[in-house]
Amino acid sequence: RGLTPGMISFTDMEEQPNRPTWSKQIEFTLAGIGCAVGLGNIWRFPYLCYRSGGGAFLVPYLLMLFVLGIPLLHMELTVGQYTRRGPVHALAIVCPLFKGVGMASVAISFIMCTYYNLVITWALYYLFSSFQAPLPWQTCNNTWNTPNCTDHATNSSYSSTASQEFFKCVYPCGETRTGSQYQKKEHGYKHALYSDEIGTIRMELCLLLILAWILIYLCIFKGVKSTGKVVYFTALFPYVILIALLINNAQLPGALEGIKFFILPKWEKLLSLEVWVNAAAQIFNSIGIGFGSLMAMSSYNSFHNNVLKDTLTISIINSLTSILAGFVIFSAFGYMSYLQGIPVTDLAVDGPGLVYVVYPQAFANMPVAQLWAVLFFLMLLCLGLDSEFAMVEVLVTSLLDEFNQKLLQIFRWKELLVLAVCGAAFIIGIPCVMEGGIYVFQLMDHYTAIVSIMFLAFFEVIAICWIYGVKQLSSNLEEMTGKRPNVFFRACWLVIAPPLITVILIFSIIQFKPARYEDYVFPPWAQGIGWVIAMASIIWIPLAAFHTLWLLPGSFMQVIYLLFCFALSCIFTETNSSSSPVSNYLLG
């Protein structure tokens, strides 16, 4: 029969045979925390605080957590657990017209997992390099160092620190570049892109990328049975390291000044609309709304699991982790400002360089530098693994939901299917480990994480909150837990979240800037490739909607007219139930 919103029952959800569930509910909670807590908590949150007036950023950040992050996470977990499907089938069930939103979330997760694993590769590269004495970024006595290298902290534009040069040397290093040789090659990795060439494969990085994918495979090849065991370590270990680092950093000279900058607000920054939008976007991206990862994971919950408890646990711990990381990072900032003899506000801080340049530079001046470096990069590895296997799991879950029998006939075992997915992602990610790989990474991240996710999230919220409807979502939650959501959640779903997501989307479009890395602005052909990458996920939303409308009887104008009437009824009266003839026609 046609599946119309309001007509889904628990019996329908049980029709999928042999769907595994988490061995213990704590495993899903830890997996959800690991999925939400990632490298963005360690570098993007402190960077936004640094740029947005320190403690002043915490005001809009915490407000957005309660009006945007928690309600939308509650929405996604409810849909995933109730439908017991991955994002593609879940969205097709609750709103067939926007089933492309689920397809887009799978596409964006797969695209992201192909290049996000490079961050894990960097962590492995630094981790193995940390077992040397001295650390390779402690001195300028290496073959890759330039004449302008300095082994002490500096903020001069005419010289670079050993840690800055080591990060750049993650790609083409190992060759002496002094005098005229350096002037000619100019760090090699820049030469590759300035001449519009991507260069050759860096075998060290390629082998580490293979190792990273092996680790991912071992985490998820048995589905929730293996993932549930891994998260006990990968989700909890980073907190041990963060606390240890905070205790160590707090004893360093200048650390208190950095912490003061973090917690003492500059209230005038709150007058900037950009600060509020950045706070909302950080909550949004950190928790992972729209990626489909948590929706896929919640589909393996027991039907009567307490969704609200998991929602509050995951979202609040995610934000507390960001604040804890803020104390760790800003205490290191204070130490660096002490070494350089400049205010904290004058430090050069930006994105990934925060954890791969600034912090390693701080390690180089700490007692027992090798120990802290090993622990720090092992922590980054755990954070990256949690986020990565969650993205891969979205694709595996969706493929099994759609083609379970056919895929098992081809691969015979699910383990081989997971191996094929990891292998395909590795092959697509090979350009990221070539000499110009840092630019490939920057281009893909800019057009996926910034452009695509905002469009996807907008349509997901509209599909679930307005078209499927708060009334139906509340009924589903009551069927699972025996309690309807309170008025706060219903108000956020219906009134606050959709307009807020719209504002973020519009502001993202207005302030959009072409991709760049340091002083290199990507040429038009590269920008074109970036938009192709972005459209590879977004395009599924209109394609699926047109396909649904095309199959409906009646003329095109009749369909458009009824769609318009249906949209108005969803927004103002919530008459999107099985008794609505418009709903039956458009969504049945």
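Any Cβ shown, glycine's included, is placed from N, Cα and C.
Those TrEMBL annotations? Automatic predictions, nothing curated.
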TrEMBL annotation of transmembrane segment - which of the ranges 271-292, 337-358 it falls on: 271-292
Selected from Cys113, Cys149: TrEMBL disulphide partner of Cys140: Cys149
Chain-internal residues near Leu383 (Na(+) binding site), provided their CB is under 8 angstroms and they sit 6+ positions away: Gly34, Val37, Gly38, Leu39, Asn41, Ile42, Thr234, Pro238
Within-chain partners of the transmembrane segment (312-335) [C-beta distance under 8 Å, separation at least 6 from its ends]: 29, 32-33, 36-37, 41-43, 45-46, 49-50, 58, 61-62, 65, 69-70, 73, 238-239, 242-243, 245-246, 249-250, 252-262, 283, 286-287, 294, 344, 347, 349, 354, 358-359, 362, 365
Distant-in-sequence neighbours of the transmembrane segment (447-470), which means Cβ under 8 A and at least six residues beyond its ends: 5-6, 72, 75, 79, 91, 94-95, 97-98, 100-101, 104-105, 108, 111-112, 115, 281, 284-285, 289-291, 490, 493-494, 497-498, 501-502, 504-505, 508, 512, 515, 530-531, 533-534, 537-538, 541, 566-567, 570-571, 574, 576-577, 587
For the transmembrane segment (205-224), distant same-chain residues with Cβ under 8 A (at least six beyond the ends): 20-23, 27-28, 31, 117-118, 120-121, 124-125, 170-171, 230, 234, 297, 300, 385, 388-389, 392-393, 396, 414-415, 418-419, 422-423, 425-426, 429-430, 432-433, 437
Highest-contact recorded stretch vs the transmembrane segment (371-396), from 26-43, 55-74, 230-250, 271-292, 491-510, CB pairs under 8 Å: 230-250
